[in-house]
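If you check TrEMBL, you get these features:
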- 10-226: domain 'YjeF N-terminal' (DOMAIN)
- 62-66, 131-137, ASP169, ALA275, GLY338, HIS388, ASP467: (6S)-NADPHX binding site (BINDING)
- ASN63, ASP127, THR172: K(+) binding site (BINDING)
- 240-521: domain 'YjeF C-terminal' (DOMAIN)
- LYS433, GLY434, PRO435, ASP436, THR437, GLY466: AMP binding site (BINDING)
Amino acid sequence: MPELLTADQMRAVERAAIDNGRVTGLDLMERAGRGVIAAMLEHWPHFAVTPGRAAVLCGPGNNGGDGFVVARLLRDRGWDVTVFAYGEVAKLPPDAAINAQGWTETAPVQPASLFTDLREECDLIVDAILGIGATRPLQGAIEATVKFLNEYKPGERKPRDRCRIVSVDLPTGLCSDSGRPLGSAVRADLTVTFHRAKPGHYLSDGPAHCGRLSVQPLGLDREPTYPHETVSATLIGEETLKRGQVPCLGKRAGGHKFSHGHAVVAAGSVGKGGAARLSARAALRIGAGLVTVAPPPAALIENAAHLDAIMLHAIRDARGLEEMLTDERIKALCLGPGLGGDRARDLVPVALAASRGTVLDADALSAFADDPQELFAMLHDRCVLTPHGGEFARLFPDIADRLDAMPARGPAFSRMDAARAAAARAGCTVLLKGPDTVVADPDGRISLNPAVYARAAPWLATAGSGDVLSGMIAGLLARGDTPHEAAATAAWLHTECALEFGPGLIAEDLPEQIPAVLRRLSANSP
Ligand SMILES: NC(=O)C1=CN([C@@H]2O[C@H](COP(=O)(O)OP(=O)(O)OC[C@H]3O[C@@H](n4cnc5c(N)ncnc54)[C@H](O)[C@@H]3O)[C@@H](O)[C@H]2O)[C@@H](O)CC1
Ligand SMILES: [K+]
């Protein structure tokens, strides 16, 4: 499902269903427990054939209640189960207390102090200590247990270490809204969440702590779907693109090159044009009708030696760009890749005054690091800024500091919060790059492109890959997409292109994968 829900939003959905009498809290807890078993068997089918030994760690809230359900269901399947309680069973909330009581009527509950490193003895450890209710850094018995559990790093498991760790809803200690550990957090092999994923499963350190992610239904799909402003973020994917974007990615029959938009990429000085050429090629491949690279006159020959379908137009300075932009058919501009700081400071004001779809990246952002306010005053709502972490910190130092500070309590300030705050300050779309790329609008709308789990594409960390992304956004702006749609679609396609090519990828390969990805998208569209 494409929506991500914060802890508060998830609680509101559950509360609405319970208040409407459609379901009880106890029903939901039972479904959650069944979901954990279903996901576990799907990921480790041998557990269905050979029951083993399990330790179930139950916390002080409803996450612990889920743990008691899982303990019962495992035992029903023939498992040898030991339950450890973190907190007083007598103080559990009502639904968790009912499940705890059901367990204690037939088997003991061990105190947390007896939990030591059981990995040698167990096949499965179920982490049901804390879920979306984790609000403060881990301490005491919980912290000590998390330390035990994390003593090995996933991937460094010894062959005889067969124990798997499954976290219920969230790895204990991970903030559901930000993906940031509150002090420390469990590193699970599998995390099973319910109804919808939470931002923390995708942002920051979340994927490293979750291991793999399974989203299990709670039977809440008939609850009201969420209006845009109550959804914390939309996950970009084929599902979201198909709703609105795919027809726009295809070219209109009977259209001509100008009806598909003209994009201009400003290039830098002699020997510095490669980045701009990468952007330009991506803009053309993604479907802009025409693309022009605009270098200074001295770099014209060098660029001409490299370009065929892409046009060239030398511009000496701001005046040259101003003259070029009297052509109303130019729909989108891309400034930054390889531009150089001085040329960026010269050209950006003119580009922004022209009110076209405009992508600012790299040098076009760093050139204003001394006085970001000067840039913000010129930006308009057709702009997209595409900073990586370093560029973001130069333009929005106070916001970056909040992201760096160790969270004292949850929900912690997230990369979504940071991108949203930056977009509001800049007054335009901000795309914050990373394996969890966030696209935020000034009105708070967020789209997330996670290149994690099955979509992990580490080979995207290659020189020039960001230049291709800026070009893709410029191409889509030229096609007429809104800044948010252009940025979100480009971020998703960029990852898909990397996955299509695979290891060994260099930036030049990315635009060449666009046709295959577009072909697949249109073949899959209804
Ligand atoms: N009806 C429901 O509310 C349902 C809840 N579900 C489960 O319930 C969870 C949410 O339950 P809760 O809201 O009770 O929250 P949790 O069970 O995640 O934790 C809440 C408790 O932990 C304490 N706590 C927070 N940080 C702590 C820390 N660092 N150290 C020690 N204790 C700490 C809180 O004071 C509170 O007592 C979900 O994650 C999910 O697993 C599911 O069973 C589905 C239905
Ligand atoms: K948990």
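Glycine residues also receive a Cβ, built from the backbone N, Cα and C atoms like all the rest.
Keep in mind that TrEMBL annotations are predicted by a computer and have not been checked by a curator.
Shown on the structure are the features that TrEMBL records.
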| residue | record | contacts (Cβ under 8 Å, 6+ apart) |
| --- | --- | --- |
| ASN62 | (6S)-NADPHX binding site | GLY25, MET29, PRO93, ASP95, ALA96, GLY131, GLY133 |
| ASN63 | K(+) binding site | ALA128, ILE129, LEU130, GLY131, ILE132, GLY133, VAL168, ASP169 |
| ASP127 | K(+) binding site | LEU57, LEU149, ILE165, VAL166, SER167, VAL168, PRO171, THR172, VAL186, ALA188 |
| HIS388 | (6S)-NADPHX binding site | LYS433, GLY434, GLY466 |
| ASP436 | AMP binding site | GLY179, TYR202, LEU203, SER204, GLY206, PRO207, ARG415, LEU448, ASN449, PRO450, ALA451, VAL452 |
| THR437 | AMP binding site | LEU431, LEU448, ASN449, PRO450, ALA451, ALA491 |
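Within its own chain, THR135 ((6S)-NADPHX binding site) has LEU182, ARG409, GLY410, PRO411 as residues 6 or more apart in sequence whose C-beta sits under 8 angstroms from its own. The 6 Å Cβ screen around ligand 2 retains ASN63, THR172 from the binding-site residues ASN62, ASN63, GLY65, THR172, THR437, ordered by sequence position. Under 6 Å, Cβ to nearest atom of ligand 1: this is the test, and of the binding-site residues ILE132, HIS388, ASP436 it is passed by ILE132.
Residues within less than 8 Å, Cβ to Cβ, of PRO435 (AMP binding site) and separated from it by at least 6 positions along the same chain comprise PRO207, PRO450, ALA451, VAL452, ALA456. Among the listed binding-site residues, namely GLY65, GLY466, the Cβ with the most fellow Cβ atoms inside 10 Å is that of GLY65. The record gives ASN63, ASP127, THR172 for K(+). Within 8 Å of the mean position of their Cβ atoms, the other Cβ atoms in that chain belong to LEU57, GLY59, GLY67, ALA128, ILE129, LEU130, GLY131, SER167, VAL168, ASP169, LEU170, PRO171, GLY173, VAL186. The residues near the AMP site, meaning same-chain residues not in LYS433, GLY434, PRO435, ASP436, THR437, GLY466 whose C-beta sits within 8 angstroms of the mean position of the site's C-beta atoms, are HIS388, LEU432, VAL438, ASN449, ALA451, ALA491, in sequence order.
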